[in-house]
Amino acid sequence: MKDVRQEYHAPGLTEADLLADPVEQARRWVDEAIDAGLPLANAMTLATVSGHGRPSSRVVLLKGIEDGGFVFFTHHDSRKGDDIAANPNVSFVMFWGPFDRQLIVNGRAEKLPAQQAREYFASRPRDSQLSAAISPQSRPTTREQLEADMANLAQQHPEGDPIPMPETWGGYRITPEEIQFWHGRPSRLHDRFRYLKQGTTWTRERLAP
Ligand SMILES: Cc1cc2nc3c(=O)[nH]c(=O)nc-3n(C[C@H](O)[C@H](O)[C@H](O)COP(=O)(O)O)c2cc1C
């Protein structure tokens, strides 16, 4: 590993490239990654902290940027859901290697209204609905149990019959308090800008890489 070295050749990021609103700047970066067809361009590594102060992280998919916040869907009774219930402060990272870009967002997560989650759940492919509905996410199970539960639920709801969204499934919106844009540059002299929310306005500063 110590011999793996990559030089970054991107032209970099200047103040003039950046929008005043970092949420819109983040949307631009996510859209550019999606439009370029990068694999899992909307994958974000989400870190949460438990009520006992223990951090954990996992990948989830960013499903929208709405009302000034970043939306993802999951099980509310998962490890991350328990963490957020105890401590709404979260952080996530998105990294687009081919673009030499990293986005870091720190903020507070809150549950989306159940109706909004139901609308998104209804738009998912049937198999994704079934697996979400039967998964006791973050708890021990067996492959046999999962497959049996999925087959059982599929039998209860023939094709065309809507799968009800479990009460314990839903979305979160992360309202940002700090957003960082990192852009790789040659010689490790990378560009890095941090936005901080001060009341209702954002301030911006360059940070050393
Ligand atoms: C590419 C990728 C996308 C994922 N998307 C989601 C997602 O949108 N929501 C989700 O709950 N889990 C998603 N997962 C699974 C999570 O990484 C994780 O295993 C799960 O949410 C349980 O996490 P927890 O036990 O820390 O709460 C995804 C995993 C990968 C690798």
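Using the three backbone atoms N, Cα and C, a Cβ is placed for every residue, glycine included.
For 58-63, 73-74, 79-80, Gln102, 137-138, Trp182, Arg192, the entry in TrEMBL reads FMN binding site. Residues annotated as substrate binding site in TrEMBL: Lys63, Tyr120, Arg124, Ser128, Arg188, Leu189, His190. What TrEMBL lists as compositional bias 'Polar residues' is 128-140. The domain 'Pyridoxamine 5'-phosphate oxidase N-terminal' annotation in TrEMBL covers 31-141. The domain 'Pyridoxine 5'-phosphate oxidase dimerisation C-terminal' annotation in TrEMBL covers 169-209. Annotated region 'Disordered' per TrEMBL: 122-142, in sequence order.
Residues 74-75, 77-80, 121, 146, 149-150, 152-154, 157, 163-166, 169 of the same chain lie 6 or more positions beyond the ends of the compositional bias 'Polar residues' (128-140) yet place their CB under 8 Å from a CB of it. Among the binding-site residues Arg124, Ser128, Leu189, not one has its Cα within 10 Å of the Cα of Leu62 (FMN binding site). Residue density at Ser138 (FMN binding site): 15 other Cβ atoms are found within 10 A of its Cβ, drawing on all protein chains shown. Here the Cα atom of Arg58 (FMN binding site) is found 19 Å from that of Ser128 (substrate binding site).
A Cβ distance below 6 Å to any atom of ligand 1 is met, among the binding-site residues Arg58, Val60, Lys63, Gln102, Leu189, His190, by Arg58, Val60. With the fewest other Cβ atoms inside 10 Å of its Cβ, the least crowded of the binding-site residues Lys63, Arg124, Arg188 in this structure is Arg188. Listed in sequence order, Thr48, Ser56, Ser138 are the same-chain residues six or more apart from Arg79 (FMN binding site) with CB atoms under 8 A from its CB. Annotated pair Phe73 (FMN binding site) and Ser128 (substrate binding site), C-alpha to C-alpha distance, rounded: 12 Å. According to DSSP, the compositional bias 'Polar residues' (128-140) comprises 7 helix, 0 strand, 6 coil.
Among the binding-site residues Val60, Gln102, Arg192, the residue whose Cα lies closest in space to that of Arg124 (substrate binding site) is Val60. Note on proximity: of the binding-site residues Val60, Gln102, Arg192, the one nearest Ser128 (substrate binding site) is Val60, by Cα distance. If you take the Cα of Leu189 (substrate binding site) and the Cα of Gln102 (FMN binding site), they are about 14 angstrom apart, rounded to a whole number.
For Val60 (FMN binding site), applying a Cβ distance below 8 Å and a minimum sequence separation of six or more within one chain yields Ala43, Met44, Leu46, Phe72, Phe73, Thr74, Lys80. In the predicted model, residues of the domain 'Pyridoxamine 5'-phosphate oxidase N-terminal' (31-141) average a pLDDT of 97.
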